[in-house]
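K.L.:
Residues or ranges marked as active site, proton acceptor in Swiss-Prot: His366. The UDP-N-acetyl-alpha-D-glucosamine binding site annotation in Swiss-Prot covers 9-12, Lys23, Gln75, 80-81, Gly142, Glu157, Asn172, Asn230, Arg336, Lys354, Tyr369, Asn380 and rests on sequence analysis. As annotated by Swiss-Prot, Mg(2+) binding site applies to Asp105, Asn230, with the evidence given as sequence analysis. Residues or ranges marked as acetyl-CoA binding site in Swiss-Prot (evidence: sequence analysis): Asn389, Tyr390, Ser408, Ala426, Arg443. The region 'Pyrophosphorylase' annotation in Swiss-Prot covers 1-232. Residues or ranges marked as region 'Linker' by Swiss-Prot on the basis of sequence analysis: 233-253. The feature region 'N-acetyltransferase' is assigned by Swiss-Prot to 254-460.
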Amino acid sequence: MAISAALILAAGKGTRMKSALVKVLHELAGRPMLGWPLAAAREAGAGQIVIVAGHQADQVQKRFGADAGIRIALQEEQLGTGHAVSCSLDQLDGLSGAVLILCGDTPLLTAATLQRLAAEHAASGAAVTVLTAKLDRPFGYGRIVRDSEGRVRRIVEQKDASPEEQAIDEVNSGIYCMELEFLRSHIGRLGSENAQNEYYLTDLVGIAVAEHAGCSAVVADDPDEIMGVNDRVQLAHAARVLRQRVNLQLMLAGVTLIDPDQTYIDADVQVGNDTIIWPGCVLRGATSIGSGCTLENNVRVSDCVIADRVQLKAGSVLSEAQVAEDVSVGPMAHLRPGSVLQAQVKIGNFVETKKVVMGTGSKASHLTYLGDAEIGSDVNIGCGTITCNYDGRHKHKTVIGDGVFVGSDVQLVAPVTVGANALIAAGTTVTQDVPPDSLAIARTPQVNKTGWCLKKRDNG
């Protein structure tokens, strides 16, 4: 069934989160909470997306407003779900047919469930179709009241429910599929004569029944899908469920997770088959990992492109880096933004790079800082080497040609260029360009004072 649009209600502040950030922008598995029902609606086939924002609407606009398929409606005063929907209808001018109404704080909702909801809506011919769930502890949710034949008659909110109604275990999810024509013509009939003095969208169910327009229902297979996130405990639970879903899909696609419960992978991360990921790894953002890679314990990767057969050894941290095939990084290495490692590069323990291009086969095996540098192929960077790229005001570039050998404890004071196949002696501070095929040595000559230590001891 075609879905004309989806309305996502996201105007609430989320007081129980006890946060300066509006609830729906809290992150789960690499996306803001609101991004999850939005993605589900799109995958289910919704055309236009309308977000109803209220608290921190400017932040919601900043995060989602640049998307051409999303419109933002403003609910300046929060007077209930019915009022929220009424604030959004002018964004749907010119549309007809079915519309999904979702909650911005239900990140576990899936596209498959929305498709079931839309299919039932089309098959039943009802004006309103509601997604429900059966809960062992339904406190706080609106209850689904059915007649003796099992037909939905109305939804009663917790604060307005009688003791008998509170005993009902089938609850309203706050998620609906409605006919736009019915919604437009009846939203103005909602009243606020209830315990919360709000305009309940749920009252449209009773109106639809009373006018014989029809109300249908779909029971969610997994009650977790309708869970609203209202505090940090529920946020952690939802994040755990999403992480399990992400990890399950990766394992089914041929990725080995040694301990899935201790592996944290954002939803938009891509990982190739035959890659092995050890516990404690965190993969974030728009990261892409190739096939046949190994990520040892406690590796963190954010917004990186990693090619095939790369070894990321324990404790390494990579951010906004590009790593070609057959590269080895770590252990305990740090690739900062702008690091580009070409094929067969080796970055060893306690090596830090930033804004560096390292050519094919080059190595920096130990205890090195490389920043603002262009390094050719088959270069050896000795232990303790530093590119001195910052003069206190500006950054400067170091260029090292192909085949250069840099000895241990070398400082390259930028801007400086080292020509191809040159050799920099250990302990040298390079302050001038080095011609190709040359030896550069700049250190005080060694002086041995024979017997000096004996004299020092004898003199006390």
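Cβ atoms are placed via backbone N, Cα and C, with glycine included.
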K.L.:
Which one is closest to Tyr390 (acetyl-CoA binding site) in space, judged by CA to CA distance, out of the binding-site residues Leu9, Lys23, Gly80, Asn172, Arg336?
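P.N.:
It is Arg336, whose Cα lies nearest.
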K.L.:
Report, in whole Å, the straight Cα-to-Cα distance of Ala11 (UDP-N-acetyl-alpha-D-glucosamine binding site) from Arg443 (acetyl-CoA binding site).
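P.N.:
Taking the Cα atoms only, Arg443 (acetyl-CoA binding site) lies 67 Å from Ala11 (UDP-N-acetyl-alpha-D-glucosamine binding site).
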K.L.:
Relative to the Cβ position of Arg443 (acetyl-CoA binding site), how many further Cβ atoms are located within 10 Å?
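P.N.:
Step by step: centre on the Cβ of Arg443 (acetyl-CoA binding site), count other Cβ atoms within 10 Å, giving 11.
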K.L.:
Within the region 'Linker' (233-253), how many residues are helix, strand or coil going by DSSP?
P.N.:
20 helix, 0 strand, 1 coil
K.L.:
Have a look at the binding-site residues (Leu9, Ala11, Ala426) and report the one with the fewest Cβ neighbours inside 10 Å.
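P.N.:
Per-residue Cβ counts within 10 Å for the binding-site residues Leu9, Ala11, Ala426 bottom out at Ala426.
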K.L.:
If one measures from the C-alpha of the residue listed as 'active site, proton acceptor' to the C-alpha of Ser408 (acetyl-CoA binding site), what distance in angstrom results, rounded to a whole number?
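P.N.:
Cα-Cα distance, the residue listed as 'active site, proton acceptor' to Ser408 (acetyl-CoA binding site): 9 Å.
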K.L.:
To the nearest whole angstrom, state the Cα distance for the pair Lys23 (UDP-N-acetyl-alpha-D-glucosamine binding site) and Ala426 (acetyl-CoA binding site).
P.N.:
56
K.L.:
Considering each pair of residues in Asn389, Tyr390, Ser408, Ala426, Arg443, all listed as binding acetyl-CoA, report the largest CA to CA distance in Å, no decimals.
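P.N.:
Spelled out: the longest distance between any two Cα atoms in Asn389, Tyr390, Ser408, Ala426, Arg443 is 22 Å.
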K.L.:
So for Tyr369 (UDP-N-acetyl-alpha-D-glucosamine binding site), how many other CB atoms are inside 10 Å of its CB?
P.N.:
19
K.L.:
Return one of helix, strand or coil for Asn172 (UDP-N-acetyl-alpha-D-glucosamine binding site), based on DSSP.
P.N.:
strand
K.L.:
So if I draw a 10 Å sphere around the Cβ of Arg336 (UDP-N-acetyl-alpha-D-glucosamine binding site), how many other Cβ atoms end up inside it?
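P.N.:
For Arg336 (UDP-N-acetyl-alpha-D-glucosamine binding site), the 10 Å Cβ neighbour count is 16.
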K.L.:
If we check Cα distances from Ala426 (acetyl-CoA binding site), which of the binding-site residues Gly142, Asn172, Tyr369 wins as closest?
P.N.:
Tyr369
K.L.:
Please report the Cα separation of Ala11 (UDP-N-acetyl-alpha-D-glucosamine binding site) and Asp105 (Mg(2+) binding site) in Å, rounded to an integer.
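P.N.:
Cα-Cα, rounded: 10 Å.
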K.L.:
Once near-sequence residues are set aside, which residues in the chain of Asp105 (Mg(2+) binding site), 6 or more away, have Cβ atoms under 8 Å from its Cβ?
P.N.:
Ala10, Gly12, Gly14, Lys23, Val24, Met33, Leu34, Gly228, Val229, Asn230
